[in-house]
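Database features (Swiss-Prot):
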| type | residues | note |
| --- | --- | --- |
| SIGNAL | 1-20 | signal peptide |
| REGION | 17-20 | region 'Furin-like endopeptidase recognition region' |
| DISULFID | C413-C1066 | disulfide bond |
| REPEAT | 458-489 | repeat 'ANK 1' |
| REPEAT | 559-589 | repeat 'ANK 4' |
| REPEAT | 593-622 | repeat 'ANK 5' |
| REPEAT | 660-690 | repeat 'ANK 7' |
| REPEAT | 695-723 | repeat 'ANK 8' |
| REPEAT | 762-791 | repeat 'ANK 10' |
| REPEAT | 862-891 | repeat 'ANK 13' |
| REPEAT | 971-1003 | repeat 'ANK 16' |
| REGION | 1026-1032 | region '4C4.1 epitope' |
| REPEAT | 1035-1064 | repeat 'ANK 18' |
| REPEAT | 1068-1097 | repeat 'ANK 19' |
| REPEAT | 1101-1131 | repeat 'ANK 20' |
| REPEAT | 1137-1166 | repeat 'ANK 21' |
| REGION | 1196-1199 | region 'Furin-like endopeptidase recognition region' |
Amino acid sequence: MIFVGETMERANHSLVRLRREGEELTLDEKAEICSELELQQKYVDIASNIIGDLSSLPMVGKIVGTIAAAAMTVTHVASGRLDIEQTLLGCSDLPFDQIKEVLEKRFNEVDRKLESHSAALEEITKLVEKSISAVEKTRKQMNKRFDEVMKSIQDAKVSPIVSKINNFARYFDTEKERIRGLKLNDYILKLEEPNGILLHFKESRTPKDDSLQAPLFSIIQEGYAVPKSIDDESAFKVLYALLYGTQTYISVMFFLLEQYSFLANHYYEKGDLEKYDEYFNSLNNVFLDFKSSLVGTGTSNNEGLIDKVLQVLMTFKNSEFLGLGKNGVDEMLNEKINLFNKIKEEIESKQRMTMSETPENFAQISFDKDITTPIGDWRDGREVRYAVQYASETLFSKIGHWSDPVSVREKACPTLRMPVDQTRRNVLVFRKFDNSKPQLVGEITPYLSNFIDIDRDLYNAASNPDSAVGFKEFTKLNYDGANIRATFDQGRTIFHAVAKSGNDKILFGLTFLVKSTELNQPDKKGYTPIHVAADSGNAGIVNLLIQRGVSINSKTYHFLQTPLHLAAQRGFVNTFQRLMESSEININERDKDGFTPLHYAVRGGERILEAFMNQIGIDVNAKSNKGLTPFHLAIIKNDWQVASTLLRNKKVDINAVDENNMTALHYAAILGYLETTKQLINLKEINANVVSSPGLLSALHYAILYKHDDVASFLLRSSNVNVNLKALGGITPLHLAVMQGRKQVLSLMFNIGVNIEQQTDEKYTPLHLAAMSKYPELIQILLDQDSNFEAKTNSGATPLHLATFKGKSQAALILLNNEVNWRDTDENGQMPIHGAATTGLLDVAQAIISIDATVLDIEDKNSDTPLNLAAQNSHIDAVKYFIDQGADINTRNKNGHAPLLAFSKKGNLDMVKYLFDKNANVYIADNNGMNFFYYAVRNGHLNIIKYAMSEKDKFEWSNIDNNRRDECPKEECAISHFAVCDAVQFDKIEIVKFFIGTLGNFNICGPLHQAARYGHLHIVKYLVEEEVLSVDGSKTDTPLCYASENGHLAVVQYLVSNGAKVNHDCANGMTAIDKAITKNHLQVVQFLAANGVDFRRKNSRGATPFLTAVAENAFDIAEYLIREKRQDININEQNVDKETALHLAVYYKNLQMIKLLVKYGIDVTIRNAYDKTVLDIATDAKFSNIVKYLKKNSGKFRREYKSSYGEHSFLQTNEISRFIDGKSIEHDHPQFINADNESSQLFSGTASKIDVIGTLLLIDVLIRYFSKQGYISKESDSASDGITQAAALSITEKFEDVLNSLPNKSAKEQVDLADVHGKVYAALKSGRNSQIHQILCSSLKSISTLKPEDMEKLVSVIMNSHSSLSMPEATDSANEAYGETLHLFGESCRHSEDYISQKFSTNPFSFESEKKIQKISI
C-alpha cells in the first residue's frame, strides 16, 4: 500500500533535490520531481502536449515545425498563473533545448510511421496499433505505482521474483524510449545489431533466468498471487506485479511485431526483397512463438500465460472472502478479466501473421507479344527475373525465390504461364532487371494461369518525365493490350502517374477512353490525379482535369487537403491560377486543422501570396482551429518578406489573437526574432501590450521568460511598451527578469527608472525573488539599488526568511553581510534561524548565532526551537551544533515533539545514542504519550529497541507509564505493556519475536488477542505454532472474539481450524458470531455458521444471533440467516421483552428489513411485553411509510413464505413429524369446485350462487375433529411454538385458498388474514381449540353469499359425499353426534356465538368436555 507519509517524504526529498544549488536536472528528472511536488502543470507530459498541438501545423514542415512547436509551449506555460514557487524551483524554467530534443525524437518516429506500408503489412500494422494501445494504456497507469509495490514487498521468497519483473519492465521501457527518437539510419542499425534488443526481447518468452516468462510462471506455480483472505496484503501486491508483468509481456510481443513489420516494410520499399522476406519470416515466427506462450496450443495440458492469469483472477473473484463485490476489488478484477479475454480473443483470432507456404516459382516465360526493344526498362542484354507472393484478404506469404534470369533479346513484355493455385489465392508478381530495385508488376487472380507483363510498363511510360518518349511507349503498349485501369503502389493508377509526370498528350488521349469518375479515383491516401498534378505543379494537367469535370475541392484522407492547399504550399502560381479558373473553387476551404490555402501559401513564398491577395473573397485573417492566422505563421516562420506581402492587404489584422490570446508579436518575442520584433513594433497599428490568456503575459514578459535578452532590451526601450504591465498574480517584467537571472535586462530596467520595489499580489519584491532564486548575485545588485531588505510578503517573510527557508545559503549570507534584521518574525513567529535549522544551513545558523546567541532557544508559534526543527528534518550537524551551543536538549513543541522522538521515529540509532550520551530525557513523550521507545517499536527499529534495553541504567521498560493512562484505565501499565501492544498492532513481527520469543513476555498485553484483533495472521501463526499459546487465550474475550468482531476472516479460519471454540463466551455475554454480526461481517458469519455455531443460544440481552442481526440493522446477515439457516432459527422468536425481529425492525424504522421479514412469513400480530403489535408501534410513532406497508402487505405474507420455504420444510423435522396434514375437502371432492360439474347441479335454483368452497372449508374443520385428522397432535401436553405456528399457518392458508376461489375477487381484501392467523394461533397456543371454527365462520360470514336457509341443504349433500369417510378411532358417541353436529355447524353460521356456545355446551362432545376425548383435536 502507498501511504500518505511515504508520499510526503518523497515530496520533501524532491524539494531538497530541486533546491540544491548548481545541480542541473534532465527534463525527465525535473518532470518527475515537479510531479511529486504536484507542480506538474508545467512539466508533466509537456512534450506530449506539444506534440498534440503539432498536428495543427502540418504545412510548416519538420524544421519550422520544431520552432512552431516551441511557440506552442506557451499555451501550456500560460495555461495558469505563473506560480512563483514553481518558477524559482525550476518547474517553470522551460529547458527549451531539451524540449526541442524531445520533439525531434517524436518527429523522427512520426516520419517512420508515415512511410508507406506494403499491402502485406497493412493488416499487421493495424493489429499491432489496436492491441498495443489497449495494453499500454493500463500498463502505464500501473507503472506509476509499481515502484511503491516493489518497496513494500518484504517477503524474502517473493521479493526477488517481483524484482526480476520490475528490472525487465524498466529495461524494456528504457530501451523502447531510447530508440524511438533515432533517425532512420540509426534506428535501423540499432534494430539490426547482432545480439541486440530484438534478440533480447525475443528471449523474454524463454525460461532463462533473466527472462520475463520465468518470474511470471514462478508466481503462478507457487500460488503467490492468490490472496488467502481480504487482508492478505502480500498476495495483493504480488497479484499486482503478476498483472503488470503479464501486460509487459504482451507489450513486448507487440513491440517486436511492430519493429519486424517496420524492417520488412523498409526493405520492401527499398526493393531488397531478400531482406524483406527475412524480416517477414521473423515477424511470423515471433507471433507464433509468443502466441503459443500466451494462449497455449489449445490442449488442456498446454495452457498459455493469459489462461493461467485468468485462472488466478477467477480464483480470486470466486473466493468466499471477496463477498458480493463489496470490497472495492470486484471492479478491478472484472476490468482485468475483460482486458485479458479481449487480448486472448484478438491473438487467437489470428492464426498466423503470414501464410506458412512459400510460393514456388513455376513460371514459364515466353515472349509472345510483338513488342520490340528498346521500350521502357526493356533493353537488349539486360537480365530479367520474376518472383511471386501469395495473397489473401489479410494474409500474405513470403516472396518466393527469384526465377532464373532471362536475357532480353529484341522482345519485351513476356507472358508468364503458371499453374492455377488450388487454394484460390491471388498471386502478386514482382520483376527485377539486373540488380535494380524490384517492382510490383501485377496480380494474377484465381483461376487464371497466364500473366502478360505489360501493365507496369504502361504505368512506367505514363510516369516518364520525357513526354515524347513516354507518349510513344504508352501508345505502343496501349495498342498491344496494356490495361489502363491497373493499380500499383499505394493504389495509384496511370492517371496518377500522368498527373505526376505532366504528360498532357497521354492524359488528353485517355480522357476519350474513360469516364470522368475514373479521373477522380483516389489512391490509398485520398490523393486524386488532380491532387498529384497540383502537388507537382503541372498546370496543364490541372486544366485538362478541370475541363473533364473532376472534383476541384476533393480532400485527402488524413489532412483533408484540397488541390489548392497543395499548390499553395509548393508555391505553384500557374497551377494556382488554373485552379482559380474553376467556378467551383473554394479559396477559403479548411483542412483538418482549420488551415486555409492562404495559410499554406505562407510556406509557398511571396509570389504565391501575391496571387492569393488579389483574389476576390479571400479571407486574409482566416483562423485555424488553434486561432492562428496566416500573419501568425509568417512571423513564426520568421519570413518578413512574406509578412510584408500580407501587409499589402490593408485588411490584415496584425493584432489578431489565437486561442490563447497571443498575437504575432508574442511569437516573435518567444522565438527570439529580434529583427522581426523591430519590424512589428514599428508598425503603426501594433498593440505591444496585448496579454495572453489566462496568464496575462505580454510580449515583454515572454521575451524575458525565454531569456531573449536582445528582444527584451529592445522592447524595454520601445515607447509603446508598458514595462510595468502585470501578469496574473501581479508579476511584472522586473519580477521575471529576477526570476530568470537576466542581469543585462535588469541593468537596463534600472537605467530607465523601473521601480525596484514592485510587489506581486502576494507582496513579493524583486529582492524576495532574488533571495529564493538560483542567482544569489542578483541580491547585491538589488541592494546596491537600495532595495528594501526589510520588506515583507503577505506571510510576513523578509528576503532573509525566504533565503533560509528555501535553503539558499549563499543568498542568506549575502543578506547577513549587509546587516539585515535577523530577528524579524513571520506570521508563524519564525525567525531566519528557524529557516536555517529547517533546511540545514549550518553556516547560516552559525553566522546568526555568532551575532546573537539569544536566538538559540527562541520558540516560534508552534513552540519549535531551532534544535527541534533541525531534528525533525534530520539535519544532524545542525543538531549537534545547537546542542554544543547549549540548546535545551529536551525542547518540546506544542505537539510534544522532541529531538529524541524525531530520531527514534526515523531509525537513526547513532543520534539516539548521541542524545542518550548527552543525557536527554529518555522518558519524554509527545502529547499522544509516545516516547522514543514506542516510536522505535511502531516503525520497526529493532536496533534502537535492543540498544535501549541494554542501557538499563538509563532506561527501564518495566517502569509505569502514565502518559498513556487512558489506554490502560483499570490498572497501572508499564512501558513494556504498551510496547508489546504496539509491536503487535503495527505488525512488527521481528520485534514481537524479540519481546516474546527472546525475552519470554508471553503474558504482557495478551499478544495473541491483539494479533487477532488487528488481523495479523503471520503473528497469530507464530504465537500459536512457535510459542504454543492457547487459541482460546486466557481472557474473557477470546482471540476468536476479537478476530470476528474486526472481520479478519483469515484469522478466524485459522483459529477455528486450530481448535478455537466457536460458542465460547465473549465479553457482554456475546459469542464470536454476535461480535461479527454487530460489525456486519457477513463472510465471518458465514464461516462460523458452517462450523458449529449454536443459533439458539441467547446473549445477555436475550437475543439469538438472528435477533442480533436485525437489531444491528445487518440486512445481508439477516437475509442470509433466514434464507440459508432457516432450519436453525425461529423467525418469530422473542427476546426478554417479547419483541420479535419485526418489532426491532420497526423500532429502527428499517423498512428494508421489515419487507424482508414479512416476505419470509413473520407473524405481524405478535404482541410484545407491553401488549403492542408492530402495527401499534408504527402507528403510535407515526411511521407512516411502515404503517402503510404493514396494512397493505400483512395479508400476503403466508403465500410468499410458502413459496420461499416450499411445502413447509420445517415440518419435516423430528419435533413435528407427528403432525398430520390431512387432505382437504377441496381435493377430495372436486365436484364442488367447478359449478359446471354434474354433481353441482344439485344446487341449481337453490345454491347456484352460493360459495360452496367456503362451506366446504368449514366442513373440513369439523370432519378433522371427528376423524382425528387434527391440525395438531395432542400426544404432548403442549405443542411447541414451531408446531403451533405451522398449524395456524396451514389453517389460514386453506382459508386464503377459499377466498381466492370466490367469484367476488374483492373478498380477499375484505378479510384481514393477518388477524385471522393471529387469532387461530392464539387459540391453538392457549388450548382454546373451540374458537377456531368460530373465527373462520365469523370471517367468512361477512362476505358469504350463502343463504342461511340453504345451509342445511348443502350440509346434507356434503354429508352424503362423506359417506365413505373413515373415522377409525372415533368413539361410538362421537359418530352418533356427527349428524347433529353438521346441523349445528350450519347453525353456527346463522346465529350468534352465544347460540353456538349454548348448543355445544349441551352436546356430549362439547369442547368443555374436551379432555374426555383423547387424541382428538382441531
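The backbone N, Cα and C atoms fix where each Cβ goes, glycine too.
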Confidence summary for the repeat 'ANK 7' (660-690), mean pLDDT rounded: 96
Lowest local Cβ density among C413, C1066, which the record lists as disulfide-bonded residues, within 10 Å: C1066
Distant-in-sequence neighbours of the repeat 'ANK 10' (762-791), which means Cβ under 8 A and at least six residues beyond its ends: 21-22, 84, 88, 90, 729-730, 734-735, 738-739, 741, 743, 746, 750, 756, 797-800, 802-803, 806, 808, 810-812, 814-815, 818, 820-821, 824
Same-chain residues at least 6 beyond the ends of the repeat 'ANK 1' (458-489) whose Cβ lies under 8 Å from its Cβ atoms: 116, 369-371, 375-377, 413, 440, 442, 452, 497-498, 500-506, 509-510, 513-514, 518
Residues in the repeat 'ANK 18' (1035-1064) grouped by DSSP into helix, strand and remaining coil: 16 helix, 0 strand, 14 coil
For C413 (disulfide bond): DSSP state (helix, strand, coil): coil
Secondary structure composition of the repeat 'ANK 10' (762-791) [DSSP: H/G/I, E/B, coil]: 15 helix, 0 strand, 15 coil
Residues in the repeat 'ANK 16' (971-1003) grouped by DSSP into helix, strand and remaining coil: 21 helix, 1 strand, 11 coil
